[in-house]
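S.K.: Provided herewith is a single structure, encoded as C-alpha cells, for subsequent inquiry.
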Amino acid sequence: MTAPWAALALLWGSLCAGSGRGEAETRECIYYNANWELERTNQSGLERCEGEQDKRLHCYASWRNSSGTIELVKKGCWLDDFNCYDRQECVATEENPQVYFCCCEGNFCNERFTHLPEPGGPEVTYEPPPTAPTLLTVLAYSLLPIGGLSLIVLLAFWMYRHRKPPYGHVDIHEDPGPPPPSPLVGLKPLQLLEIKARGRFGCVWKAQLMNDFVAVKIFPLQDKQSWQSEREIFSTPGMKHENLLQFIAAEKRGCSNLEVELWLITAFHDKGSLTDYLKGNIITWNELCHVAETMSRGLSYLHEDVPWCRGEGHKPSIAHRDFKSKNVLLKSDLTAVLADFGLAVRFEPGKPPGDTHGQVGTRRYMAPEVLEGAINFQRDAFLRIDMYAMGLVLWELVSRCKAADGPVDEYMLPFEEEIGQHPSLEELQEVVVHKKMRPTIKDHWLKHPGLAQLCVTIEECWDHDAEARLSAGCVEERVSLIRRSVNSSTSDCLVSLVTSVTNVDLLPKESSI
C-alpha cells in the first residue's frame, strides 16, 4: 500500500504547491494509538499535521521492546523540534529507555522506525511485514487516477469549509487562546496511575510520562474558566522558579463536548501538600525554618514585578488569592512549592487586572477585609490579602513544631479549635472581623527564642490593619535572620534570649507592602 499513498501525496502536493506559499507548513504522518479505547480516538490511519508560520513539522513513533518483542505505543505528528530537523529516517538513539522515541521530517517517514544502539552495535530496524496483494490493492491501483483526483478535490473543499484546528482531536467551539510554552505531551505516552487529591475544580492524578512521574490535574468542562486562568498564569513570562510549581503542558482530552476533559500537567511531588505532611509529621526547628523561608520566597517572587525576567520578557506582579497550606507542595527535601493558580490575578501596567471578584478563595483563610466585602481593588490590597493567609500557614507550621519544651498538639486547621472544621461565612465574620480573634499562640511557644520571634512575625502578617502587614520578602528575610541567630547561639545565649526576646532587632515594618 506504500505506492498508492505516495502517489496520493504527490498529487496533493502538486495541487497545493501554488496556494501554499506563505502559509503554515503541512505534513502527513502514519497515525497509531495503542490506548485508542481509553483515549477515545482512532486506532490507526493517517494524521494530517498543520502548524504555524515558520514552524517545522515532523512525524514520530514511540514503542517498547520487551525481551525482543516490539510493542508499538503511538505514531503521529510532532511539532517544531530541533532534534528532528533534517532527519529523513525515524531513528531512536537513547540507550535502553523504557519507551523508545524517534522523529523525522518527510511525509509518512514514521512508517519504519529504527533503534540505533551505542556505537559498534548492530542497527535494529523495525518495519511492517510485507502484505500479499489483495483485491483492495488491485482496485486501488485501478481507480487511483480518477478516484484519487476526486478525493483530493473533495478533501480540499471540506478542509476549506471546516478549517480543522492543528493537532486537534477535540473541537469545543471556543477560542483556545495562546498555546502553552511546552511540547505537546498528548503525543507522548502518558498513563494515569492513581488519584492523589480531589478539590473544588476536579481531581489530581499521579501519572507517568515516558520515564518520569507527573501530576495531572483534570478539570471537567464546566470548570473551563479555572483551567484557562491557571494555564494563562503558567504561561506568563518568568514563572519558572524553584518555589513555584513546574508547568509541563495544558491539554484538552476527549472527542465530543460531553466527554471533554481539561488537563493541566505539572511536576509531581511525592510528599504532597503541607497540610497532608503536617497531619502525619511533627517537624523540627530547622525543618520549620526551611519550609517557611522557601514558602515566603516563592510568594515574594510571585508578588514581585520584574521588568525583564531572564530574557523572557516582563513578569508582572501576581496575587495568588487562594494561599493556604493545601496549596503549598513539598519537595523531597521539604522545599516549599506554591501551586494552584486558578484564582490568581496579574497586575500589568496599563491593563485592568481581569476577574477581581472580592470574596474568592478558601473561606477559612479569608482576610478580614474580604469577609467584610470591603476590598480596595488595587494591587497592594490583593497582595496584603495573601499575607494574611501566609500568617495562618506559618501558625500551622509552628503548631506542629517540637522545638518548644511542651506538648505538640494534633494538627488543626486555623480557627478549627474556635469554630470547627466547616465554619460558615457568618461564623468567620463574627470571629475574625467583629471579635478580631486569631488562632491561639500557646504560652510554651514563647519560651523558645526562635518560635517567640516567629510568633511576632505571624502577628504582623495577620494584622487586622491590612496596611500594617509585612510583605512576603520581609517574612523571608525575618525567618532567615531568626534561623541564623538561633542556630549560631550557644546554650547560654539561648537562656538569655528567652528573657530578652522583646529586645531582639527584627527587620523594621518599613519592609511591609
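Just so you know, the numbers here start at 1 and follow the chain as drawn.
Using the three backbone atoms N, Cα and C, a Cβ is placed for every residue, glycine included.
The N-linked glycosylation site annotation in Swiss-Prot covers Asn42, Asn65. For 138-158, the entry in Swiss-Prot reads transmembrane segment. Residues or ranges marked as topological domain 'Cytoplasmic' in Swiss-Prot (evidence: sequence analysis): 159-513. Summarising the annotation, Swiss-Prot assigns domain 'Protein kinase' to 190-481 and lists sequence analysis as the type of evidence. Under the heading ATP binding site, Swiss-Prot lists Lys196, Ala197, Arg198, Gly199, Arg200, Phe201, Gly202, Cys203, Val204, Lys217, citing sequence analysis as support. Summarising the annotation, Swiss-Prot assigns active site, proton acceptor to Asp322 and lists sequence analysis as the type of evidence.
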S.K.: Between C-alpha atoms, which of these recorded positions comes nearest to Gly202 (ATP binding site): Asn42, Asn65, Asp322?
M.R.: Asp322
S.K.: Who sits close to Asp322 (active site, proton acceptor): which same-chain residues at least 6 apart have their Cβ under 8 Å from its Cβ?
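M.R.: Those within reach of Asp322 (active site, proton acceptor), by Cβ under 8 Å and sequence separation of 6 or more, are Asp340, Gly342, Leu343, Ala344, Val360, Gly361, Thr362, Tyr365.
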S.K.: I'd like the number of other C-beta atoms within 10 A of the C-beta of Val204 (ATP binding site), please.
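M.R.: Result for Val204 (ATP binding site): 22 neighbouring Cβ atoms inside 10 Å.
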S.K.: Quick one: among the binding-site residues Lys196, Arg198, which has the most Cβ atoms sitting within 10 Å of its own Cβ?
M.R.: Lys196
S.K.: With Asn42 (N-linked glycosylation site) as the reference Cα, tell me which of the binding-site residues Lys196, Arg198, Val204 is the closest one.
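M.R.: Of the binding-site residues Lys196, Arg198, Val204, Val204 has its Cα closest to that of Asn42 (N-linked glycosylation site).
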S.K.: For Asn42, Asn65, listed as glycosylation sites, tell me which one has the smallest number of other Cβ atoms within 10 Å.
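M.R.: Per-residue Cβ counts within 10 Å for the glycosylation sites Asn42, Asn65 bottom out at Asn42.
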S.K.: Between the Cα atoms of Val204 (ATP binding site) and Asn65 (N-linked glycosylation site), find the distance and write it as a whole number of Å.
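M.R.: Cα-Cα, rounded: 30 Å.
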S.K.: For Gly202 (ATP binding site), just count the other CB atoms lying within 10 A of its CB, please.
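M.R.: A count of 22.
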S.K.: Can you tell me how far the Cα of Arg198 (ATP binding site) sits from the Cα of Asn65 (N-linked glycosylation site), in Å?
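M.R.: About 36 Å separates the two Cα atoms.
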S.K.: Using DSSP reduced to three states, classify Arg198 (ATP binding site) as helix, strand or coil.
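M.R.: Going by the DSSP assignment, Arg198 (ATP binding site) falls within a strand, counted as strand.
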